[in-house]
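A.B. asks: Take a look at this one; I'll ask things after.
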């Protein structure tokens with residue numbers, strides 16, 4: 001087994017434990033009383049399309065290396081020079097008070113906290129049957145990935161830790177397991193603009209703020225703020241990346257909440273059209289069979 005897959009194997013049990021703990025802390029008692037029913041409904045036909053959509057887009061982004069090779073777009077041009085012109089080395093300030101404890105804590109927030117926020121928010125909306133919020137969350141989640149992917153392929157921006165001389169790649173220096181694990185989704189370490197950590201965490205926070213889960217709202221806000229700090233502190237993102245990610249989050253949040261019904265009509269129309277074509281095919285087939293033209 002390569003080091004690339006060790007990090008997911010290490011993260012998985014930690015995330016499962018955190019989700020189990022979060023269930024007891026953040027899920028309202030009213031929903032816990034009907035646990036068995038809510039658990040069955042989580043993976044009903046009504047919620048399954050959103051889970052499948054989110055997983056499909058995530059796997060699509062994980063296939064970035066295959067896309068790059070297929071398109072012949074192996075990064076040769078770095079857009080880091082533009083970032084330097086825009087902000088210089090301002091991001092180096094966030095490492096001026098670096099300590100081992102802060103570095104390990106930030107790495108935990110960046111790797112585990114970020115993943116937990118996205119996964120638990122999705123599961124919470126499924127478990128509590130918040131269908132409208134779940135639809136909005138999925139639309140925004142998918143949109144962020146689809147918008148960001150072309151930037152990562154055509155506008156590669158390398159991480160600050162390997163670009164600026166006074167910024168240390170704190171996250172990648174922690175362990176080869178971390179470095180190779182990150183490279184599963186960012187093979188060239190140049191998926192900086194816009195920041196997915198900023199975009200997805202801010203979007204998730206905004207979606208949580210639309211719910212009635214008071215304790216989880218407070219936690220989501222605090223965790224999202226911490227995530228924004230870690231992407232700058234760990235020598236990963238530029239300040240411009242974070243701003244771009246936040247703008248992307250706000251844009252997709254607006255689209256998802258404002259045009260949810262219109263967007264959901266698109267797959268419905270495709271399904272209806274497919275259903276009609278199937279009915280026509282079956283009708284023609286029946287006629288041909290009745291006339292003995294086919295067997």
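From the backbone N, Cα and C atoms, a Cβ is placed for every residue, glycine too.
Given the structure is predicted, the values throughout are model-derived calculations rather than measurements.
Okay, so TrEMBL annotates it like this:
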TRANSMEM  6-27  transmembrane segment
TRANSMEM  48-71  transmembrane segment
DOMAIN    98-253  domain 'Inositolphosphotransferase Aur1/Ipt1'
TRANSMEM  107-127  transmembrane segment
TRANSMEM  139-157  transmembrane segment
TRANSMEM  177-206  transmembrane segment
TRANSMEM  218-236  transmembrane segment
TRANSMEM  242-259  transmembrane segment
A.B. asks: May I ask for the residues of the chain that lie six or more residues beyond the transmembrane segment (6-27) and have a Cβ under 8 Å from a Cβ within it?
C.D. replies: 111-112, 115-116, 119-120, 123-124, 127-128, 177-178, 180-182, 184, 213, 215-216, 219
A.B. asks: So which residues does the transmembrane segment (107-127) touch in its own chain, when a touch means Cβ under 8 Å and the partner is 6 or more beyond its ends?
C.D. replies: 7, 11, 14-15, 18-19, 22, 26-27, 31, 38-39, 42-43, 47, 50-51, 54, 133-134, 137, 141, 170-171, 174, 178, 197, 200-201, 204-205, 207-208, 211, 213, 216, 220, 223-224, 226-227, 230-231, 234, 236
A.B. asks: Looking only at residues six or more beyond either end of the transmembrane segment (177-206), which have a C-beta under 8 A from one in the stretch?
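C.D. replies: Contacts of the transmembrane segment (177-206) (Cβ under 8 Å, skipping residues fewer than 6 from its ends): 2-8, 10, 61-62, 64-65, 68, 75, 78-79, 83, 107, 110-111, 114, 117-118, 121, 137, 140-141, 144-145, 148, 151-152, 155-160, 162, 171, 220-221, 223-224, 227-228, 230-231, 236-238, 240-242, 244-250, 252-253.
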A.B. asks: In the predicted model, what is the mean pLDDT computed over the domain 'Inositolphosphotransferase Aur1/Ipt1' (98-253)?
C.D. replies: 95
